[in-house]
Amino acid sequence: MTVDDTTPLLTVPVSLGDRSYDIFIGSGLLAEAGERLAGLAPGGRAMVVTDETVAERHLPALMAALESAKVPAEAFVVPAGEATKSFAELERLVDAVLTARLERGDTIVALGGGVVGDLAGFAAGIVRRGMAFVQIPTTLLAQVDSSVGGKTGINTAHGKNLVGVFHQPQFVLIDTDLLATLPPRHLKAGYAEVVKYGLIDDPVFFGWLEANAPAVFAGGPALAEAIAASCRAKARVVAADEREAGNRALLNLGHTFGHALEAAVGYGGDLVHGEAVAIGMAMAFRLSTLLGFCPAEDAVRVERHLHAVGLLADLTEVPATARDPARLLALMAQDKKVQRGALTLILTRGIGRSFIAHDVAADVIADFLEDETAR
Ligand SMILES: O=C(O)C(=O)C[C@@H](O)[C@H](O)[C@H](O)COP(=O)(O)O
């Protein structure tokens with residue numbers, strides 16, 4: 001993979017028949033949001049959903065872009081953090097959309113990270129049985145993962161993302177400049193999802209990340225290239241299996257363990273999604289090694305890279321209260337990939353060789369979790 005020294009506009013198509021859309025990636029794109037929205041829904045209105053932190057940094061620029069394109073718009077601001085993916089915030093948002101009398105052809109615009117995108121997308125999917133929706137992701141995690149593919153939803157006390165709908169956006173606008181204000185912790189957390197694409201089926205990309213991680217974290221062309229490669233990978237998987245009937249589940253590498261950890265720590269607690277996914281991916285590699293699928297050196301290589309960029313890779317690195325194996329197993333049992341009571345895990349035969357496993361016995365997973373807490 002080569003790195004350009006410029007970041008021109010790049011368009012990645014997501015091919016889904018009459019629900020197809022483009023991901024626009026480039027520097028300074030927020031300023032074009034108004035024109036793009038006006039082109040999408042001439043004469044339409046917009047509601048921008050964002051959180052308190054993003055509102056301070058980027059909302060004025062987006063509202064100015066909408067105003068100059070003559071798109072009437074109002075903003076709806078939610079608290080920052082995972083706890084916002086709740087029935088209470090969904091109800092508040094739905095009420096605001098209906099109070100504003102937005103029509104089905106008006107647009108809900110998600111300006112923010114995964115939390116904002118998932119909540120706003122869910123509202124767009126259910127109000128008037130489906131409104132227009134646009135994603136303007138402002139975190140690395142949202143730019144490389146959650147803004148693409150149409151998964152929307154909220155968390156419940158039973159687990160992560162358990163209530164939601166598939167609802168594709170009309171376009172995704174990725175302004176790479178917005179990452180300049182992203183705190184390092186969230187840049188790292190988003191990087192976990194970038195690594196995931198290498199681990200699923202692209203060992204060359206993983207090798208490139210090992211060599212180029214410092215340049216990616218420095219921002220600039222290498223970061224833009226990592227975003228583009230991630231979006232291409234995700235668009236390819238989603239186009240082949242929009243509703244996760246098959247191989248889309250590979251995008252869940254690290255998520256069955258990760259989601260259980262997030263729920264165990266508590267939403268808004270001391271573990272953000274990408275951090276939990278990093279631990280979950282390392283665990284998936286270790287379990288794969290234990291089961292004889294994956295060379296031990298590959299699991300070690302994954303751990304080494306996650307640690308090298310400052311991500312956690314070990315269950316013992318999460319708060320002790322979230323490490324109870326029985327509780328983790330009970331949370332995993334709520335995973336959406338469960339079939340007839342049996343867990344589905346994404347395991348691996350090595351870096352870039354992940355596969356869907358339906359037949360790992362519950363007692364094997366329970367023993368593995370016991371071992372992991374004692375590592
Ligand atoms: O888009 C997908 O499909 C994914 O699984 C991507 C995940 O990284 C993302 O976190 C997704 O929201 C998880 O979905 P879930 O269905 O496992 O809750």
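We number each residue from 1, going along the chain as drawn.
Just so it is clear, glycine is given a Cβ too, placed from its N, Cα and C backbone atoms.
Keep in mind it's a predicted model, so treat the numbers as computed, not measured.
The feature domain '3-dehydroquinate synthase N-terminal' is assigned by TrEMBL to 76-188.
Per TrEMBL, the feature NAD(+) binding site maps to Gly114, Val115, Val116, Gly117, Asp118, Thr138, Thr139, Lys151, Lys160. Secondary structure at Val116 (NAD(+) binding site), taken from DSSP and collapsed to helix, strand or coil, is helix.
According to TrEMBL, the feature domain '3-dehydroquinate synthase C-terminal' maps to 190-338.
Annotated Zn(2+) binding site per TrEMBL: Glu193, His255, His273, in sequence order. The 10 Å shell around the Cβ of His255 (Zn(2+) binding site) contains 26 further Cβ atoms across the protein chains shown.
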- What are the other residues, in sequence order, whose C-beta lies within 8 angstroms of the center of the C-beta atoms of Glu193, His255, His273 at the Zn(2+) site? Leu141, Asp145, Ala192, Lys196, Gly254, Gly258, Gly274, Ala276, Val277, Gly280
- Note on the structure: Same-chain residues at least 6 apart in sequence with Cβ under 8 Å of the Cβ of Lys160 (NAD(+) binding site), in sequence order, are His259, Glu262, Ala263, Tyr267
- Note on the structure: Simplified to three states, DSSP reports His255 (Zn(2+) binding site) as helix
- Query: Under 6 Å from ligand 1 by Cβ, which binding-site residues from Gly114, Val116, Asp118, Thr139?
  - Reply: none
- For Glu193 (Zn(2+) binding site) and Thr139 (NAD(+) binding site), what Cα-Cα distance in Å is obtained after rounding to a whole number? 12
- Query: Using DSSP and three states only, what is Glu193 (Zn(2+) binding site)?
  - Reply: helix
- Task: Find, among the binding-site residues listed as Gly114, Val116, Asp118, Thr139, Glu193, the one whose Cβ has the highest number of other Cβ atoms within 10 Å in the structure shown.
- Result: Val116
